[in-house]
Amino acid sequence: MSSLRPEEARKLATAASVSPLSNCQFSGVVISSIADEQKLEFTNKYKGSCTLLCSYDSQGVVLRVVSDDDRSHVLKEYMIAADTDAAQMGRRSYAVSLDADNLVLRFASDQDQQLFRKVVENVKHLRPKSVFSQRTEESSASQYFQFYGYLSQQQNMMQDYVRTSTYQRAILGNAVDFQDKIVLDVGAGSGILSFFAVQAGAAKVYAIEASNMAQYAQQLVESNNVQHKISVIPGKIEEIELPEKVDVIISEPMGYMLYNERMLETYLHARKWLKPQGKMYPTHGDLHIAPFSDESLYSEQYNKANFWYQSAFHGVDLTTLHKEGMKEYFRQPIVDTFDIRICMAKSVRHVCDFLNDKEDDLHLISIPLEFHILQTGICHGLAFWFDVEFSGSSQNVWLSTSPTAPLTHWYQVRCLLPMPIFIKQGQTLTGRVLLEANRRQSYDVTIDLHIEGTLISSSNTLDLKNPYFRYTGAPVQAPPGTSTQSPSEQYWTQVDTQGSRNSSSMLNGGLSVNGIGDGMDITHGLMHPH
């Protein structure tokens, strides 16, 4: 048996007022087991009456049983899922198969039985699937919410100083948009954005979170004494109900290449709760696309695939899989960062308007491309990054993942061409990027490029769900061939300049070697290595 803290019960009661079909409780329930199905004989499962506590879960509804006489312990916990067998028995009873138990629940009133029946129907096929469920595979959703249910993953995002500080600055810098307003936080996670909204003077914040992180957000709300301001609601925005419309929607819905994870569709769906002339933070997103040249990256992926070109690997011929291996490696988008000087043309910008675009607009995104090439070289593929703007009443604030901006946990993304193309300065590179949404909460990315006025073209289709995380933390190197002066002479000139600054130390017995050091004793390190 596990303990049920009083605050958990209060949370369930609070959530019930907002989403009654997935968060509610029933007292005075007599629970019986079916001892003999043919004779319909029943035995009491628990001594005395019980209370059923229903709470939302990404897979359905969790049903916890506690005694009416002692609510401090959970007697049993069940999961009501889409395949749960259940049937009404008379006006106050309900038969349900949970795990290995065939139970009959006798409720204290007709109304309680009817509401419980709706709870069950809410997660069964009797009820139409939500927009989220229709577009998402169950296995993908389960993995997704499990991932974001870990504190370590929330910490990874919260410790992105650029991300977190930009959101706080955008919200606090536009306090007039939040003062005494009703705010909706979509995909709240730890609730950090909800806290920022309260700092800006929000009257009420509804923090919606579908993963198990909701329980931790609730703990933070209570420990910071803002439960009168922030209401944490476990559930998906596509499925929960709010008691009122909101003035502002805040969220951090961006994924790699802006669109990955398809959280933007959830963000747009939340507009059904937004008052006319309401605000969205962020307001719009710009996806930037540019052709790039990087022989090192291309060779790295190509050589990985050549593993499968071995004809005698421990006596086994692998070459039959070389073609498939090559295809798999080049289907992987590369997540890392780079020097923007590898880009061969000015980026093309594709705008997503969070205030006006529709969810359906993000199911198939077609982006026409036209690049005027600025430098001759080999185009190995396309680079992607995004910026989002917070358009506030007082000021506009930008969050950028550009290679010229401070690095964020989104990095940048590059998509390689299996067959690179040589292109000259002054030529025009045209084509299209097609982002086709899939039920794995991601996109299939198809690239088609063509050098205008020629027969030269190249294409590739990549799986954004399966990226290669290449970033190592090492400093970004300048592209080869970008030095216009001798790097060696530049370095020694810098050293000599530093040495002249320290020359005065030599007059006081200091030691200087090649201009390095200020009274540094190098013999200690040579004779006594650590």
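Don't overthink the numbers, they just go from 1 along the chain as shown.
Any Cβ shown, glycine's included, is placed from N, Cα and C.
Among the candidates THR266, THR283, the residue that Swiss-Prot names alongside GLN154, ARG163, GLY187, GLU209, GLU238 for the S-adenosyl-L-methionine site is THR266.
Of all residue pairs in the S-adenosyl-L-methionine-binding list (GLN154, ARG163, GLY187, GLU209, GLU238, THR266), the one with the greatest Cα separation is 26 Å apart.
Taking the Cβ of GLU209 (S-adenosyl-L-methionine binding site) as centre and 10 Å as the limit, one finds 28 other Cβ atoms among all the protein chains shown.
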